Amino acid sequence: MSYVHLSIALIFVILPIILSKTLNLGLERDTMIAVVRSIVQLLAVGYILKFVFDSENMIYILLMVTVMIAAATQNAQKKGVSIQGITWKVTVTLVVIEVLTQSILLGFKITPPTAQYIIPISGMVIGNSMVLAILFLNRFTAEVETHQDVTELILSLGGTPKQAIHTQLITAIKSSMIPTIESQKTIGLVQLPGMMSGQIIAGADPMQAVQFQLLILFLLLTTASVTSAMLGYLSYPSLFNHRMQLLRGK
Amino acid sequence: MITDYKPAVNFNHINYSVDGIHILKNITESFPEGKITTLVGPSGAGKTTLLKLCNGLLSPDSGEIYIKGKSISSYEPVELRQLVGITLQSAPMINGSVLKNLALPLELQGRELIEKDAKNLLHDVGLEEEFLHRPIKDLSGGQRQKVSIARTLVNRPQILLLDEITSSLDRISQQEIEELIVKINQKYKTTIIWITHNLQQAMTVGNYTWVMMKGEVIETGTSDLLHSPVNEKVRHFLKGEVK
Ligand SMILES: Nc1ncnc2c1ncn2[C@@H]1O[C@H](COP(=O)(O)OP(=O)(O)OP(=O)(O)O)[C@@H](O)[C@H]1O
Ligand SMILES: [Mg+2]
């Protein structure tokens with residue numbers, strides 16, 4: 001595919017804009033912003049990746065992973081502003097996930113220690129972890145809010161903060177993991193996963209592509225469970241003070 | 001001021017506010033040990049807030065609370081909350097059966113509630129045994145209040161805080177609960193603090209009473225004061241309540 005072909009593909013952008021205008025959806029502006037941003041961001045990433053791949057320098061790989069974690073943290077922490085210290089809690093979680101998954105992959109020589117493998121896999125792991133963090137924080141803050149009276153009840157009867165928040169914590173961890181597990185059950189039946197499609201289009205052997213996709217799916221299961229559980233156990237204590245009182249979100 | 005008895009709970013210049021709103025204003029009073037003290041006053045007076053301070057669910061901004069002569073902050077929170085039991089105004093319940101709710105206080109300590117004890121508790125609050133295995137969501141408001149009282153009694157608190165526990169009960173049930181509270185008070189010498197909007201109840205059941213308004217304790221004394229209050233505002237409030 002050449003840049004000329006890609007330019008022609010902008011037809012796919014013009015159509016929704018025309019539709020938005022005729023139907024008065026008011027989405028023209030957002031569509032344009034989305035298109036421009038995706039072009040700029042992806043081209044930039046493309047050039048950076050090319051540079052990092054060519055240099056084969058570990059420092060650049062580390063730098064890219066750091067940027068990914070910082071961006072993901074920035075995005076996820078917005079959903080947990082009511083939790084004290086949420087920024088570093090999300091950061092620690094993402095770092096642990098990244099270190100954990102890469103140590104296993106590199107340690108057992110499942111993937112080679114090159115930028116070509118480390119960066120895309122880190123991207124998928126960190127991106128997924130970010131989504132999980134958002135799902136978890138959304139649900140957890142809602143659960144805490146809705147069941148404040150039960151939390152107070154358990155505290156009043158001599159329960160610890162951990163006991164008082166246990167049900168809400170488990171509900172939030174579980175519900176944030178469900179989409180990951182459910183989507184894996186139907187994978188390949190409804191649609192081919194993005195990474196696998198990409199590899200096949202780029203000319204890879206389908207069986208090779210499937211193997212890689214499976215690896216990613218296994219990784220994402222770990223990512224999902226570790227993210228939710230870890231963030232959960234890091235977050236709940238800051239809802240209480242040292243006198244085991246529930247702090248009210250202001 | 002109530003001075004002729006040893007205090008179970010003693011407030012010394014207690015202030016409490018939320019978001020700059022002064023909810024309790026400089027409260028200095030005490031609840032006598034082994035007695036029933038009722039807490040009356042209009043909605044929003046700060047009665048519930050005061051009880052939550054005694055049980056350690058909240059802490060004052062300034063001032064000191066003494067429980068059985070010891071500063072409240074010298075108690076471990078768990079120890080304090082087992083010593084000072086509270087029946088919350090909204091009677092919150094955990095999902096599951098009546099038994100699960102009754103067993104909760106012991107479960108939190110890693111212990112189990114024997115079914116026989118659970119049945120006795122139900123009997124004490126005037127519920128039939130067969131309620132034990134009913135899902136809590138099938139109970140009426142009044143039945144929940146009864147379960148809520150029974151659940152607070154499981155820890156055998158020495159100081160018992162009751163927040164409008166008879167508000168959704170019929171007359172007969174109200175009387176049963178009144179008798180139960182008096183019985184607990186006499187049998188175990190439990191100190192009881194009882195928030196109620198029912199002045200008749202306050203007069204017949206309570207030994208002492210506090211009248212609270214807008215975060216202040218306006219008048220305290222034996223329950224007789226409800227017949228002939230000194231304070232003009234109290235007289236006005238009581239007239240409105242009786243009517
Ligand atoms: N967490 C809170 N945030 C803001 N305001 C609060 C909070 N808790 C209590 N208040 C306010 O403090 C005042 C006293 O409340 P409290 O519940 O103690 O009153 P009460 O005497 O128990 O009233 P009622 O008879 O209606 O139960 C009320 O004006 C209430 O709105
Ligand atoms: Mg109240």
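Cβ atoms here come from the backbone N, Cα and C positions, even for glycine.
TrEMBL: automatically predicted annotations, no manual curation.
Taken from TrEMBL, the feature transmembrane segment covers A:6-27, A:34-53, A:59-76, A:88-111, A:117-137, A:214-236.
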Residue numbers, six or more beyond the limits of the transmembrane segment (A:88-111), whose CB comes under 8 Å of its CB atoms: 65, 69, 72-73, 76-77, 80, 117-118, 121-122, 125-126, 129-130, 133, 215, 219, 222-223, 226-227, 230-231, 234-235
Winner by Cβ pairs under 8 Å against the transmembrane segment (A:59-76), considering only A:6-27, A:34-53, A:117-137, A:214-236: A:117-137
Any contact, the transmembrane segment (A:117-137) to the transmembrane segment (A:6-27), with at least 3 Cβ pairs under 8 A: no
